[in-house]
Amino acid sequence: MHFSIGSLFLYLIASASCTAASPQYIQRSRRTPFTTSTSKPSAFTNPSTDTATTPYVLELTKINNKGNARSAVELNSQVRSGSANLVSFAEGVGFATSINIGNQTFEVVIDTGSSDLWVVRDGFICIDPVSRKEVAQSECRFGPAYAPNTTFHEVVGEFVDIKYADGEILSGVIGTENVTLAGITVNQTIGVMDYAGWYGDGVTSGLMGLAYSSLASAYTTNNRQPRLYNPIFATMYEQGLIDPIFSMVMNRNASNGTAAGYLTLGGLPPVDINGNFSTTPILITNIKGYPKDYDFYAVNIDGVALGNRSLPEAAGGIQYIIDSGTTLNYYPTPVADSVNAAFIPPAVYNDYDGAYVVDCNATASVHGVMIGGSTFYINPTDMILPGGMDNSGNKTCISGINAGGDVGQGIFVLGGTFLRNVVAVFDVGAAEMRFAASA
């Protein structure tokens, strides 16, 4: 891949995994306020213990390939266990895992911001997501396609229709199929796509959502009424196969083909933890109209630590989405300005690039995120990220902290910059998240 300085923001969102998608660069002066709401889900179990182990562990690995990001921050551009090998889309942009559907095995993207499990069907129609014109199947860059057999049972009178924030669209049929993930087999409702406008990666054949069932994209054909069903994670815990919890840890030092972390179903990942867990309620943040409603796992934070002082203006009831699909942390703009001004030499925001450009040899100030009474410090390595090459062939770097806009006008995210430093526990049953510093 070749990056000009003008393509930095594309690199942030998709890194080595992007296709020819063309994101609109964030312009601070031209934001449209988002319509959002926040709710706290009801707990239905007691919190799991901080030592809960499980055999259902998915190993994350990294590859260099192309495929766009379906992350929370994509909305800011105003367009949009057992053991299995997982694929990480470069610098924490996304993850994929191996899953058995019927008698076939596929790689699917893991997405904490959606609920559906879907794969593309053989013979599907590929369209350009922008022009909506039919193109060759190879343009969608899917992995192997699903061929339904006798174990797949289509639900008559229902269909699936999905639109992502970056303009991708898919539609197809709904049905049930035997699905095995990390050694656990369930009969699961899935979407089978006949029509796709997709920025693929050449590896994955679909996507697996881990969010709440309210995000399911199934509808009745007669009056287009939403039809809710359990995502695969909920199916597993409602059948008593796992506890209602999943967790994630990322490894910044992973190279291509090596372990980049773990996603664990029903417990904690098999890694060492520094100190104790800090707890905070899960807040479901709903973002309307881009082009559908999006619900994300979100939390409140206590503030941001910078050097020997704290920045309480980062808190005050502001919701931060926990999103492994976003490379950077996105703070309210005044907070991001303060953190980036503390680099030596300072990082400078470039409006065209939508990023703070920083000297690749700069020194980052001590910086941490304060949650649940604890401060989780960011490794300096995660504060300066490669930005490709400029038009003159010079190496460029960008800050791990970006501007998310003014409060009420943007989306704030704790992404890979934060998540590479913690073990993150999504305790859905107790309606809380827990974080501990990773060793």
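Heads up, the Cβ atoms here are built off N, Cα and C, so glycines get one too.
Cβ neighbour count for Asp111 (active site): 23 (other Cβ atoms within 10 Å of its Cβ, all protein chains included). Feature annotation from Swiss-Prot assigns active site to Asp111 (among others); the stated evidence is sequence analysis.
Cβ neighbour count for Asp323 (active site): 28 (other Cβ atoms within 10 Å of its Cβ, all protein chains included). The active site feature in Swiss-Prot is assigned to Asp323 (among others); the stated evidence is sequence analysis.
If you look up Swiss-Prot, you'll see 32-45 marked as compositional bias 'Low complexity'.
For 95-436, the entry in Swiss-Prot reads domain 'Peptidase A1'.
Feature annotation from Swiss-Prot assigns N-linked glycosylation site to Asn103 (among others). Cβ neighbours of Asn103 (N-linked glycosylation site) (same chain, under 8 Å, six or more residues apart in sequence): Asn149, Thr151.
Sequence annotations record features per position, and here Swiss-Prot assigns N-linked glycosylation site to Asn149 (among others) based on sequence analysis. Secondary structure at Asn149 (N-linked glycosylation site), as computed by DSSP, is coil.
The feature N-linked glycosylation site is assigned by Swiss-Prot to Asn178 (among others). Around the Cβ of Asn178 (N-linked glycosylation site), 14 further Cβ atoms fall within 10 Å across all displayed protein chains.
Within its own chain, Asn187 (N-linked glycosylation site) has Thr176, Glu177, Asn178, Val179 as residues 6 or more apart in sequence whose C-beta sits under 8 angstroms from its own. Per Swiss-Prot, N-linked glycosylation site is recorded for Asn187 (among others).
Mapped onto three states, the DSSP output places Asn253 (N-linked glycosylation site) in coil. Its own atom aside, the Cβ of Asn253 (N-linked glycosylation site) has 9 Cβ atoms within 10 angstroms in the protein chains shown. Taken from Swiss-Prot, the feature N-linked glycosylation site applies to Asn253 (among others), supported by sequence analysis.
Per Swiss-Prot, the feature N-linked glycosylation site maps to Asn256 (among others); the stated evidence is sequence analysis.
According to DSSP, Asn276 (N-linked glycosylation site) sits within a strand segment. Positions annotated as N-linked glycosylation site by Swiss-Prot, on the basis of sequence analysis: Asn276 (among others).
Positions annotated as N-linked glycosylation site by Swiss-Prot: Asn308 (among others). The secondary structure of Asn308 (N-linked glycosylation site), as reduced to three states from DSSP, is coil rather than helix or strand. In sequence order, Val366 are the residues near Asn308 (N-linked glycosylation site), counting only same-chain partners six or more apart with C-beta under 8 A.
The N-linked glycosylation site feature in Swiss-Prot is assigned to Asn361 (among others). The Cβ of Asn361 (N-linked glycosylation site) has 8 other Cβ atoms within 10 Å, all protein chains considered.
Packing around Asn394 (N-linked glycosylation site) is summarised by its Cβ count: 9 other Cβ atoms lie within 10 angstroms of its Cβ, all protein chains included. Marked as N-linked glycosylation site by Swiss-Prot: Asn394 (among others).
For 31-50, the entry in Swiss-Prot reads region 'Disordered'.
Under the heading signal peptide, Swiss-Prot lists 1-20.
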How many other Cβ atoms are found within 10 Å of the Cβ atom of Asn149 (N-linked glycosylation site), counting all protein chains shown?
10
Per DSSP (three-state), Asn361 (N-linked glycosylation site) is coil
Taking DSSP as the reference, which of helix, strand or coil describes Asn187 (N-linked glycosylation site)?
strand
Return the count of C-beta atoms lying within 10 angstroms of the C-beta of Asn276 (N-linked glycosylation site), excluding that atom itself.
12
